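Here Swiss-Prot flags H450 as active site, for 3-hydroxyacyl-CoA dehydrogenase activity, drawing on sequence analysis. Positions annotated as substrate binding site by Swiss-Prot: D296, N500, Y660. Sequence annotations record features per position, and here Swiss-Prot assigns NAD(+) binding site to M324, D343, V400, V401, E402, K407, S429, N453 based on sequence analysis. Look at Swiss-Prot and you will find 1-189 tagged as region 'Enoyl-CoA hydratase/isomerase'. According to Swiss-Prot, the feature site 'Important for catalytic activity' maps to E119, E139.
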Amino acid sequence: MIYQSPTIQVELLEDNIAKLCFNAPGSVNKFDRETLASLDAALDSIKQQSNIQALVLTSGKDTFIVGADITEFLGLFAQDDAVLLSWVEQANAVFNKLEDLPFPTASAIKGFALGGGCEAILATDFRIADTTAKIGLPETKLGIIPGFGGTVRLPRVIGADNALEWITTGKDQRPEDALKVGAVDAVVAPEALEAAAIQMLKDAVAEKLDWQARRQRKMSPLTLPKLEAMMSFTTAKGMVFAVAGKHYPAPMAAVSVVEQAATKGRSDALQIEHQAFIKLAKTDVAKALIGIFLNDQLVKGKAKKAGKLAKDVKSAAVLGAGIMGGGIAYQSASKGTPIVMKDIAQPALDLGLGEAAKLLSAQVARGRSTPEKMAKVLNNITPALDYAPVKHADVVVEAVVEHPKVKAQVLAEVEQYVSEDAIIASNTSTISINLLAKSMKKPERFCGMHFFNPVHKMPLVEVIRGEHSSEETIASVVAYASKMGKTPIVVNDCPGFFVNRVLFPYFAGFNGLLAEGGDFAAIDKVMEKQFGWPMGPAYLLDVVGLDTGHHAQAVMAEGFPDRMGKSGNDAIDVMFENKRLGQKNGKGFYAYSVDSRGKPKKDVDPTSYELLKAAFGEQKAFDADEIIARTMIPMIIETVRCLEEGIVASPAEADMGLVYGLGFPPFRGGVFRYLDTMGVANFVALADKYAHLGGLYQVTDAMRTLAANNGSYYQA
């Protein structure tokens, strides 16, 4: 053994080829500080051995290296620039040491080689991947750029255009795609990986492969004619900005870094990367996006833990077909859990099966599935007009019409047919789980399971704990949601649960602006372009449906009369009463037609303005700051109330619910990250300016205390 640490082992193989194996404690390898220090020491030990002729990097895990340890980032990025620069320079010195070894080097890549893992393989002369490999630089998704030489080496290995696509999108690349552009030199079967890498090194030692020329190319400026370079980078900037927009600076910064470094050798090019990395690491966007990544890990970790208490769900059932039932059935079946889809009407079953078939056909058309897989998934969905096939289900999801009496009746019925230990969940967006539980003989096996529409696209599932729901019930539904490929958050029962409870105060703020003459299209523009929502409030209401919005608003007003009660008609009422239901009937705030691709196309409709003018008078202009304040303050305060009341367990889960359930702008990180970035005291001062508008604008006592103590919701 040449070198051994808890994370890295180096041994000498035959033919004087050294093998460096990353094998940290835990399930994956990461480039944390300990591993970087170990790699540095391992390389020193290797350099001291005079007989070594080549080096192969391998992994003792199912995956190579998943990247840097992101849990270290927020603390590290909060340090002074000098400390951060020192860390980046030290890490790069290690990668340079690997690249500068006096003999050929190769990486044997299996599973993920992402971020720092990808940058490590770029520092070797040869790269061999197996068929399981996924290679990429996802840093821009975290609001930063590669910091261990990725922007310098990748363009010199695969060309600037290919490198910019990899870096700015942050996507994982399949081995065959990596081979096509020259990021890897061969793709082999997993069992042949190490042998193939060693053979390539033997060929290099025997001078059949010119490893020194490859290395020199990575040290040198890019070989791009000046005019071609200018055109290439100008085009890239336009394309990247069109996708990333002004709220996500990292992809544009990556283009700029590659452009500036193109004419430089390795040392100067790395300095350009370091400076850009540090600048981005200090941004609020990086803090928000890294926070989302860490929050996602926390939520998924909780779900994994719940799996230990969960009942094994081998089969499921959904009651109520149609679009929603079909979406749930598709999601369950496509992830491997057979499901019965039960309805009282054959046309509804046909619609549900049609929805599943449509989603599967789209996957086949995009090359993401095959006709054989499609047939297998459809065979996992059993349509039924009676309860007989439901009796074997481990979990039953009730998804009938959103009406308390109908749901209560269906829940009471199905309980008679299922096994004693079957779990029953209601897919409801507004109806109290405690109320529905009253229709059950065994309320401990019952909870809420709120899917968001469209089911196949929306990642969030709210699992709603009723006062009688058992821990096994909650754990089993969380585990089933995870098995379906969803991100579950557990919330306690209250009107609107968590997501709808915080959404409708936002709509109330919007209604308030319209009642004073605000222009809904202007408000949408501000909330989309400036705040960053995927849809403004008017457009979102049209997509949700004004009938659904009208009903949910009434539920919220009844549940929280002090804050959400209404004294008269608002804009939602005006649209609903004039049968303007949104996209579903072609007219809401906007008018809708179908474009050439069959998608709804939105247009301004003068009729909407006439109706609103008749109800609320002449239009009045509001500036962007006031629009943002008056819509967002109610949502933010209601989110804080949900945390204080224990409806949601943590700021992390609340923020993930907002990002995954509502499309809260990821670059802002969620309500609690947004509050911490803004400063709780600054927010309280802003809210106090609007406190005269009513209870939705009045902060809680606990918020005032936190503000007075200069506190925050996240611990840095």
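Glycine is no exception: its Cβ is also placed from the backbone N, Cα and C atoms.
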Cβ-Cβ distance under 8 Å to D296 (substrate binding site), same chain, at least six residues away: T487, M656
S429 (NAD(+) binding site) and N500 (substrate binding site), Cα-Cα, nearest whole angstrom: 7
Least surrounded among the binding-site residues, given as S429, N453, N500, when other CB atoms within 10 Å are counted: N453
Euclidean distance between Cα atoms of E119 (site 'Important for catalytic activity') and N453 (NAD(+) binding site), Å: 39
Cα-Cα distance linking E119 (site 'Important for catalytic activity') and V400 (NAD(+) binding site), given in Å to the nearest integer: 51
E119 (site 'Important for catalytic activity') to D343 (NAD(+) binding site) - Cα separation in whole Å: 54
Recorded NAD(+) site residues M324, D343, V400, V401, E402, K407, S429, N453, farthest C-alpha pair in Å: 20
Residue among binding-site residues M324, V400, V401 with least C-beta crowding, 10 angstrom cut-off: V401
Residues that sit under 8 angstroms from E139 (site 'Important for catalytic activity') by C-beta distance, when 6+ apart in the chain: G115, I145, P146, G147, G150, I167, G170, A250
Inter-residue Cα distance where the pair is H450 (active site, for 3-hydroxyacyl-CoA dehydrogenase activity) and V401 (NAD(+) binding site), in Å: 13
Nearest-integer angstrom distance between the alpha carbons (Cα) of E402 (NAD(+) binding site) and H450 (active site, for 3-hydroxyacyl-CoA dehydrogenase activity): 12
Rounded inter-Cα distance in Å - K407 (NAD(+) binding site), H450 (active site, for 3-hydroxyacyl-CoA dehydrogenase activity): 14
Secondary structure of V400 (NAD(+) binding site) (DSSP, helix/strand/coil): coil
Site with most surrounding Cβ atoms, counting all protein chains shown within 10 Å, from the recorded positions E119, D343, E402: E119
Rounded to the nearest Å - Cα separation of Y660 (substrate binding site) and S429 (NAD(+) binding site): 15
